Amino acid sequence: MERFIFAALLVVALSLSGTGADPQCLPGWSSSDGYCYKVFKEYKRWDDAEMFCRQEVEGGHLVSIHSKTEAKFLARLVFRKFILLNVWIGLSSPGKHGIWRWSDGSSFYYTSWAFGEPNNFLWNEYCVGLMSITGHRKWSDQNCRSKRYFICKAQPQSEGSTW
């Protein structure tokens, strides 16, 4: 019986010792569904914002959105920052042929285009932002050279790793 209790306590102690520790987000980042997110209130062109996200955190990119739940979470996150302007996300058409890709390389299957979008207005809109007029819930293709606030997304890091 004593051996059983010792073995059980050993298993509990090992599981609490940091092995398999819960992933964490950096201070100032918000977590949801296994990812970390941060809204940056800095004006950047789409490509500069993507580069910033990559440099800010290991594995970071402009945000990719894969569900209505994630879209609602992001809309609330942006709302809490009192942002009244469009915000860059990680969707673009790199070849300028209307084939949309996420900057993190993830699959493009969920969409939330605003009515009439994408429209490639003046044949010059190949990057995508959340539209403020829709409560940041719908997407619009926009000129990549426009400067906007943006949202970065990254995998959380395990405790003890350096971000």
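Using N, Cα and C of the backbone, Cβ positions are placed for all residues, glycine too.
On a predicted model such as this, the values are computed, not experimentally measured, just so you know.
What Swiss-Prot lists as Ca(2+) binding site is E125, D141. For C25-C36, C53-C152, C127-C144, the entry in Swiss-Prot reads disulfide bond, with the evidence type sequence analysis. Annotation source Swiss-Prot lists domain 'C-type lectin' at 32-153. Annotation comment: Swiss-Prot describes 1-21 as signal peptide.
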Query raised in the report: Checking the disulfide-bonded residues C25, C36, C53, C127, C152, which are within 10 Å of D141 (Ca(2+) binding site) at the Cα level?
Result: C127
Query - Nearest-integer angstrom distance between the alpha carbons (Cα) of C127 (disulfide bond) and C25 (disulfide bond) - result: 27
Query raised in the report: Near C144 (disulfide bond), which recorded positions out of C36, C53, E125, C152 have their CA within 10 Å?
Result: E125
Query raised in the report: Of the recorded positions C25, C36, E125, which sits closest to C152 (disulfide bond) by Cα distance?
Result: C36
Query raised in the report: Of all the disulfide-bonded residues given, C25, C36, C127, C144, which residue's CB has the most CB neighbours within 10 A?
Result: C127
Report task. Check the disulfide-bonded residues C53, C152 for other C-beta atoms within 10 angstroms of each C-beta and report the one with the most. Result -> C53
Query raised in the report: What's the CA to CA span in angstrom from C53 (disulfide bond) over to C36 (disulfide bond)?
Result: 12
Report task. Looking only at C-alpha atoms, tell me how far C25 (disulfide bond) is from E125 (Ca(2+) binding site), rounded to the nearest Å. Result -> 33
Query raised in the report: Which of the three DSSP states, helix, strand or coil, fits D141 (Ca(2+) binding site)?
Result: strand
Report summary line: Simplified DSSP label at C25 (disulfide bond) comes out coil
Query - Composition by DSSP (helix, strand, coil) of residues within the domain 'C-type lectin' (32-153) - result: 30 helix, 36 strand, 56 coil
Query raised in the report: How long is the line from the C-alpha of E125 (Ca(2+) binding site) to the C-alpha of C36 (disulfide bond), rounded to the nearest angstrom?
Result: 28
